[in-house]
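According to TrEMBL, the protein has these features:
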TRANSMEM  A:6-24  transmembrane segment
TRANSMEM  A:67-88  transmembrane segment
TRANSMEM  A:108-129  transmembrane segment
TRANSMEM  A:150-169  transmembrane segment
TRANSMEM  A:220-236  transmembrane segment
DOMAIN    A:306-337  domain '4Fe-4S ferredoxin-type'
DOMAIN    A:371-401  domain '4Fe-4S ferredoxin-type'
Amino acid sequence: MQYLPNILFVIALAAGVGFFVLNIKKLIRNIKLGRDEDRNDNKPQRWKNMAKIALGQYKMVRRPVSGIVHVLVYLGFVIINLEVLEIIIDGIFGTHRIFSFLGGFYDFLIAVFEIFALLVLVGVIIFWIRRNILHIKRFLNREMKGWPKLDANLILYFEVVLMVLFLTMNAADLTLQTKGAAHYASASGIIGSFPVSQFIAPLFENLSISTLILIERTSWWIHILGILVFLNYLYYSKHLHILLAFPNTYFARLKPQGQFDNLEAVTNEVKLMMDPDADPYAMPEEGAEDEVPAKFGASEATDLSWVQLLNAYTCTECGRCTSECPANQTGKKLSPRRIMMATRDRIEDIGKNIDANKGSFKEDGKQLLDDYISREELWACTTCNACVEACPVGINPLSIIMDMRQYLVMEQSAAPTDLNNAMTNIENNAAPWPFNQMDRANWINEN
Amino acid sequence: MAEAIKVPTMAEYMAQGKSPEVLFWVGCAGSFDDRAKKITKAFVKLLAKAGVDFAVLGTEESCTGDPAKRAGNEFLFQMQAVTNIEVLNGYEVKKIVTACPHCFNTIANEYPGLGGNYEVLHHTQFLKALIEEGRLTVEGGKFKGKRITFHDPCYLARANRIYEAPRDLLKKLEVELIEMKRCKTKGFCCGAGGAQMFKEPEPGTKDVNIERTEEALETKPEVIAAGCPFCNTMMTDGVKNKEQENKVEVLDIAEMIASAEDL
């Protein structure tokens, strides 16, 4: 029976990691529902962007308050996860602080973990205040009501609980070591250095060894189980960005923001139209039909590319895009953040549909256009790229807006009337206004 | 205009068996819009003063397709692009300058994929180069010491990372440049981009150009400097809406240089 905790731990760990792996597989499957797009060019630049933007948080600090607090929480998260490695080994083998053989360096590490745990705690409280007490506009848009707001707060509560448990565990451990409790105390003195939890330890002074062990073990167990639960919460949450920010910055566009991709299918048709030798009645070449896309632009999440779907899963709903969007800031319905959230909602619904129908999608009478993203939102965009520039992890909401506009115009001829007039003018007289092309040089002789 | 400046066309150059140093891409606004035509003329005066050997396409020019593309009409865009590329390649054009950031962006970034490869410059970049080469001299003149704010055109600034060329020119004019809170990477759109110029705005609480004009007016400028004919229209409308047109001028940087030089 003495191995019961070890066995329970291994089962919990396997279940936690196993379920997470299942969800990640589902995530990758969903992202791959998007159409193909090559983002493997210029790898050195891509690695550089990932190092700078995701790892280095370079764009986060453009907004100093939220940026610097985020850097603290991020560093804390990364660094304290080193401690999780020790917790896992201790859990499997029933050891106590397995890495303590590192001696002075171990003391240093534990001290660093404690300081970061405190910083994370402070950071998370600042974040909570910003979200719930200070009326920061970008947290109050209409898309932030309900689940997105709860999700954001749940993440913060999770982190508070984990950090408090970590420090409580250390405080109880320190007290046990001081009291010379078996299994905890070492002949070589106190293991670890506890710059933060030493201030909690006095609260435990008068407790019995068995109560202290109960506190230490309970904190230890809830802490690690909490981490496993949090790991599995990611897939259902905007917090997925802690993983996806890395691939997302790697695969982000490298071209100038003003350059919109030319649709190759259109190029082929245009070239055919412009070629005087082309025979429009010629039999299509073998296999040529396959090259013609089913539709131009996007009306459904699966018409988008996998990069755009990765973007949607990466979005952590910070709203920096929306807070810089000229349409949103002047009261239009468009919010680039909502474009990303709606895209994720849709591809999630498609994924669930596929799971529920034994691997194939069953028509549900819905699509991304109209059911998730309205035309009014799409037509409010000025294509100014402010959202793209603002995103700290390289998400491109504009590309989705453009693909959906292409569907509206090229598949449905559903542009606003004024735009149709401008486009007719371009077609007829090569300018968006109804002026004769032959008058184009008149300015030369006007005074 | 004191005297008519000769503006040759590519066809005329070709007839003489010559090719100019640079093609001036006028654009639809620059050709047809009364306000933008003034920018075109100011720029032409500067080209003439610097002795630049330039030509225009004249009636052979047609819309780059930018508004069609941003509206989602890729067919129309590519038809326009392919037509223009055929004309440009026919004249063996190597270098293009334009006063419109939308034409600039489209020709520089979106034409190469369709077979149109040119060196493309925005007129502020071109003017800056002329000054650096000593072909054009600029002194403060009437703008010296004046409070001026510069509105970044999205398709020049964020879209193509050109922030300094227009500001360098303003420095040459020895103005007191007051930046708006949202400038450069954070520049706030005038509201015309993405083919919005040609449609009514979607319902909202305010028009984008009013929001931007208010921000510009907060700097208490005597001139709002622009580098795009569409931004110019939007800001001019905004200033009129705020009934400030008697106090605040909206001018293209080329117009400012030309009028500082009393051309």
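Glycine residues also receive a Cβ, built from the backbone N, Cα and C atoms like all the rest.
Heads up, TrEMBL stuff is auto-annotated, nobody curated it.
In terms of DSSP secondary structure, the domain '4Fe-4S ferredoxin-type' (A:371-401) contains 16 helix, 1 strand, 14 coil. Long-range contacts of the transmembrane segment (A:6-24) within its own chain (CB-CB distance under 8 A, at least 6 residues past either end) are made by residues 88, 91-94, 224-225, 228-229, 231-232, 234-235. In this model, the domain '4Fe-4S ferredoxin-type' (A:306-337) carries an average pLDDT of 98. A Cβ distance under 8 Å defines the sequence-distant neighbours of the transmembrane segment (A:108-129), meaning residues of its chain 6+ beyond its ends; these are 66, 69-70, 72-73, 75-77, 79-80, 82-83, 99, 102, 153, 156, 159-160, 163-164, 166-167, 170, 192-197.
Outside the transmembrane segment (A:67-88) by six or more residues, the chain places 13, 57, 60-61, 97-99, 109-110, 112-113, 116-117, 119-120, 122-124, 126-127, 159, 166, 220, 223-224, 227, 242 with a CB less than 8 A from a CB of the stretch.
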